[in-house]
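Engineer: Quick one: the structure is below, questions incoming.
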């Protein structure tokens with residue numbers, strides 16, 4: 001192992017001079033700098049107003065990196081050192097074995113990162129859109145090399161996930177051994193099968209070294225209904241909200257909580273929330289949620305809200321959650337056409353839900369893996385950790401460039417396709433009418449005619465979007481069931497485009 005005395009001294013001085021560093025597991029701020037309501041960017045509200053207490057209004061350990069000029073990047077907050085480049089996509093086992101041969105920077109003690117180490121790099125200013133040029137990765141590309149999926153090779157733009165060394169103690173997809181990974185294209189943690197019947201199981205790996213204690217919690221029961229994590233400096237509510245809340249309600253619940261003699265509670269950022277996942281637990285293997293038994297959980301299959309908006313679709317209408325129970329989806333297992341509810345991504349995954357609405361609109365989930373849409377999730381409040389209230393200046397978020405949400409997705413885009421930061425509308429306008437008509441017909445509805453006597457959207461598609469805006473969710477009632485989708489603006493017309501994308505146009509996903 002090569003040692004750098006200067007780097008050791010700098011790191012030591014930084015640790016000693018930073019009060020926010022409570023232990024060996026400092027949580028890096030999510031980076032989110034804008035405030036949102038249920039569907040749009042807003043000026044950050046003042047305390048006591050609706051939507052106060054979201055991620056951007058609290059400032060924690062700001063990311064600090066140093067390029068060492070030898071192919072390595074030092075994280076001056078976490079004490080971890082990273083390989084700047086990822087190399088080619090490989091199988092999970094190849095990724096694990098490759099650490100022994102890594103000699104970047106002259107070091108010999110590289111390892112594959114666990115999921116908490118890897119997640120420390122995520123930056124929630126990301127937003128995947130319909131093209132690489134319009135997208136913003138969920139990682140700081142000033143320091144870390146990153147590339148999207150190669151669409152010229154038939155990949156989706158989001159097909160660029162990173163492996164971690166953390167394996168799921170249960171299995172996903174009805175029996176597939178699984179390892180967790182981070183997708184820095186769309187801002188999620190999911191479990192990925194180590195074996196894939198379709199042969200697509202290669203992902204990227206970025207090796208790490210240093211601070212072997214990172215990601216290891218040191219929980220202490222304070223005997224007052226709170227749990228302190230000596231590793232992060234965070235103090236947690238021992239119980240949860242006991243009732244399910246939408247996102248706005250979850251923010252309000254924590255901001256108004258008076259508990260254990262303190263009133264500085266907040267809804268945790270998604271990076272704070274993920275820090276208390278116990279990846280050695282799952283509902284099936286330990287008969288518990290994926291969290292230390294020192295905490296009390298209302299439901300072992302619970303999802304918990306974070307304060308972090310997830311740019312998932314044309315509007316900022318989703319917020320990130322962590323699945324402490326199984327990350328369910330309505331999906332057909334390999335070699336089967338019979339869909340059923342199953343664990344598709346693993347307990348400990350981070351996905352996102354609409355901030356408001358009704359889960360009844362999604363009886364069979366949403367997206368290629370039929371991700372479970374609940375909208376009403378639990379909250380567990382947090383305090384401390386050196387995090388301070390903050391009033392960020394108003395900075396307008398990037399413009400939505402459009403593109404089809406269906407053309408690529410890792411499972412949760414508003415219409416089952418890919419997102420570009422907040423969704424996309426990729427799709428050729430010249431063929432949209434025809435595809436729409438065909439899709440609706442397959443879903444049980446007659447087809448309409450567009451301009452020039454082309455097949456176009458039926459009247460029900462227009463009715464479903466009356467009073468709605470581009471990117472809003474919509475549901476079309478057909479004789480055979482319901483079709484869920486998004487309202488899309490084509491010229492002076494706005495109509496509902498259903499889920500699913502197939503050759504020749506859009507295919508509706510029927511909701512039974």
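Each Cβ is built from the backbone N, Cα and C atoms, and glycine gets one as well.
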Engineer: Quick test of your reading of TrEMBL: among 341-371, 372-402, where does it put region 'Disordered'?
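Structural biologist: TrEMBL lists region 'Disordered' for residues 341-371.
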Engineer: Of the ranges 287-331, 422-466, which one does TrEMBL flag as region 'Disordered'?
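Structural biologist: Checked against TrEMBL: region 'Disordered' maps to 422-466.
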Engineer: Tally the residues of the region 'Disordered' (341-371) by DSSP class, grouping H, G and I as helix, E and B as strand, and everything else as coil.
Structural biologist: 3 helix, 10 strand, 18 coil
